[in-house]
């Protein structure tokens, strides 16, 4: 006699749990989704039309989830805005929203869809997770009624939140997170009254979740790692790449290394807005990543990770980020220093005029030190050492300390700091360090063609970022990106 479906489902889930526990690793998946967007409109569409659009996107996400599960994945992360897109007003997004309950209600929408208000999106996501015995992470919109007794209640009588949800392998809602740091264009959503630090336990580690712009701020991102000690961060995002430091794959890999956790980043794919770049990152480097500005295809990534990276033998040791640089004599201002802008921030630069050498450049309290040797100095490429110590104030206010070895866009020094994706210069060696006032420093190495360098550089205990290969591949940037949260 064949086993019944419930018994079969239970057996499959139990086997997956035992496998995860036995190996102390798990298989992660992220899906970069080319979102099917709604037609531009100034008027709200009907709930049926909104659901029809969302079902088209969920059809794609369901296919990716099924494929991930067939390859053994225990969890899949899908992007921010991945189910209904973006460019909404407060009114036009309303038909796409559902009331998402607190996960403490112990609810499986797939098997009990009528327990709360109609929630066809949550029901379908729950069923996708349940039918494939996989944890599923998705980004949708939450609506909450309020009234005049609440002084913060919007005039239309409801709160609207950019929301991540997580369903476990039985389809149960186990996490709900309201995005706290909204990007400047997200006027359709409200800010939560307080930041939420959302975690959940699995047989393969402790997980935390936040969304896109949250990564640049202390709450909730740093709280989840430093105080709540999560093993793996889940990161739905709609990331618009900003070279040279805020390229998705570059910065997300660096954040995982700097924070010492696994990081699962699922980006939307929309090249017109420079949206691409997803990855599965461990503290010692990228396990898998994807960056594609040439086509409009979605892409599934799958890789194995340590369930508890903090206690993994591969986990990098703690770093004293300013130790080496503080031991070096502070240089007087260089007559050849000049200023340039990178993403609206005014850097102090000095040129790498010789094929090898030792350089320093300072701005305020930050001094950056570089030892280097080029494999061959090219006359058609210029590199600079740059320092920035200050408050970034364009799309948000956050305090940065950055040391960077950077290829300029052309031999005209006035172009230094402009976006660059390709290079031809290789280095026999480099060592970069800085007198950082923060312990939150993220190491980045980006090669020509927006290629990461996993395993090809390391950070020493004294804070030096050094090359390991001789020569390197052609270098676009080598950067120590510091965030001094207390000075925001």
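Glycine residues also receive a Cβ, built from the backbone N, Cα and C atoms like all the rest.
Quick look at what TrEMBL lists:
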type	residues	note
SIGNAL	1-22	signal peptide
DOMAIN	31-307	domain 'CN hydrolase'
ACT_SITE	80	active site, proton acceptor
ACT_SITE	179	active site, proton donor
ACT_SITE	212	active site, nucleophile
Cβ neighbour count within 10 Å of the residue listed as 'active site, proton acceptor': 26
Surrounding CB atoms that lie within 10 Å of the CB of the residue listed as 'active site, nucleophile', all protein chains: 25
Other CB atoms, at most 10 A from the CB of the residue listed as 'active site, proton donor': 26
Cα-to-Cα gap, residue 179 (active site, proton donor) vs residue 80 (active site, proton acceptor), nearest whole Å: 10
Rounded to the nearest Å - Cα separation of residue 212 (active site, nucleophile) and the residue listed as 'active site, proton acceptor': 8
